[in-house]
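Colleague: Swiss-Prot feature annotations, pasted as is:
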BINDING   Gly84, Asn115  anthranilate 1 binding site
BINDING   Gly84, 87-88, Ser92, 94-97, 112-120, Ser124  5-phospho-alpha-D-ribose 1-diphosphate binding site
BINDING   Ser96, Glu230  Mg(2+) 1 binding site
BINDING   Arg170  anthranilate 2 binding site
BINDING   Asp229, Glu230  Mg(2+) 2 binding site
Amino acid sequence: MTSSWPQLLELLLRGGELEDDQAAALMQAWLAEELEPVQTGAFLAALRCRNYRPVELAAMARVLRAASPLPCPRPALPLVDTCGTGGDGADSFNISTAVAFTAAACGVVVAKHGNRSASGKVGSADVLEGLGLQLQAPLQQVVGALEQAGITFLFAPGWHPALKSLAPLRKCLGVRTVFNLLGPLVNPLQPDAQVLGVATEDLLEPMAGALQLLGLKRAVVVYGHGGLDEASLSGTNQLMVLEDGQLRRDQLDPQALGLALQPIDALSGGDLARNQTILKAVLQGQGSQAQKDVVALNTALVLWSAGQVSSWREGVQQAHDCLASGKPWQRFEQLAAALTPVGG
């Protein structure tokens, strides 16, 4: 990279785009703590103030992935992730977490990458820990759970220690930055397929383009009706679909799949205790019809991404049958056992 940091900042402030090597160098400088906090804050603000670019996101994600080497060989299994950007402010229950266990119970091997909530709501890590999942299990044990339980949970801080130095600045800024978008792109197990929810429609194409550049085989990026960062039951959802290396726009209408329209507040979560209650009930085949329907709808996207079904409708039916059996909760119990400390 021949440009100086002020030159790159000026480029961004004029609405320009970083090239692959420039974006990678910026991320490497952040990780090495080479920039002053005021410079980092300026870059984060400049990136945020115009549309994110797929090339930038993919380049930064590659650097972060390289900084988080696996402690053991990756299992030779086709893996799917269900991590989204968060930030929709809808206070819905942990839909993507329920989807992960439902998809696993349908036979998809799921490597879910997640964290605690950064917004004061309840994140996937918060609710899973509350239900008894060990978040601090040795990394080899986390990877091994894929073959034991067909699903694992990668607690982001344990896999990306290099980001710890940036945490105080991100907290001080108090706004969402490019790092919120990179979270779903830096699963250390590098899944083959992914369903990724975004909280604003303008993120559909950048995130889908980044997944394409990162070499995923199949993926669905979804912007939910009403502003959810997952498929919603309140109306038609907007999708970007990656298949055979090509991107296309699509829509997902729950009514066309036989699901009743529901207001967004039918999916509300609440505090940690209520989120735990809802998640356990849904995984056991209970919960409200709206809760089960939205999990089935989003699970259908995962099943398609994994190549297990050929249509959204087929995926919804398979997910509903699985939920009714209570098998998703059995997957949770299997994962909890797989992550229990040896001798614990």
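Residue numbering: from 1, along the chain as shown.
Cβ coordinates come from backbone N, Cα and C, glycine included.
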Colleague: How big is the gap, in Å, between the Cα of His113 (5-phospho-alpha-D-ribose 1-diphosphate binding site) and that of Glu230 (Mg(2+) 1 binding site), rounded to a whole number?
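Modeller: The separation of the Cα atoms works out to 16 Å.
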Colleague: For the binding-site residues Ser92, Ser96, Asn115, which one has its C-beta crowded by the most other C-beta atoms within 10 angstroms?
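Modeller: Counting Cβ neighbours within 10 Å, the top one is Ser92.
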Colleague: Other than its own, how many Cβ atoms are within 10 Å of the Cβ belonging to Arg116 (5-phospho-alpha-D-ribose 1-diphosphate binding site)?
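Modeller: Counting Cβ neighbours of Arg116 (5-phospho-alpha-D-ribose 1-diphosphate binding site) within 10 Å gives 16.
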Colleague: Run through the Cβ atoms and count how many others sit within 10 Å of the one on the residue listed as 'anthranilate 2 binding site'.
Modeller: 18
Colleague: Report, as a single number, how many Cβ atoms besides its own are within 10 Å of the Cβ of His113 (5-phospho-alpha-D-ribose 1-diphosphate binding site).
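Modeller: Around the Cβ of His113 (5-phospho-alpha-D-ribose 1-diphosphate binding site), 24 other Cβ atoms lie within 10 Å.
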Colleague: To the nearest whole angstrom, state the Cα distance for the pair Ser96 (5-phospho-alpha-D-ribose 1-diphosphate binding site) and Arg170 (anthranilate 2 binding site).
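Modeller: Here the two Cα atoms are 25 Å apart.
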Colleague: Do you know offhand how many angstrom separate Asp229 (Mg(2+) 2 binding site) and Gly84 (anthranilate 1 binding site) by C-alpha?
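Modeller: Per the Cα atoms, Asp229 (Mg(2+) 2 binding site) and Gly84 (anthranilate 1 binding site) stand 7 Å apart.
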Colleague: Cα of Arg116 (5-phospho-alpha-D-ribose 1-diphosphate binding site) to Cα of Arg170 (anthranilate 2 binding site): how many Å, rounded?
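Modeller: On Cα coordinates alone, these residues lie 15 Å apart.
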Colleague: Is it possible to get the count of other C-beta atoms within 10 angstroms of the C-beta of Glu230 (Mg(2+) 1 binding site)?
Modeller: 27
Colleague: Can you check which residues sit near Gly84 (anthranilate 1 binding site), meaning Cβ under 8 Å from its Cβ, same chain, 6 or more apart in sequence, and list them in order?
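Modeller: Same-chain residues close to Gly84 (anthranilate 1 binding site) (Cβ under 8 Å, separated by 6 or more) are Ser96, Pro184, Leu196, Gly197, Val198, Ala199, Asp229, Glu230.
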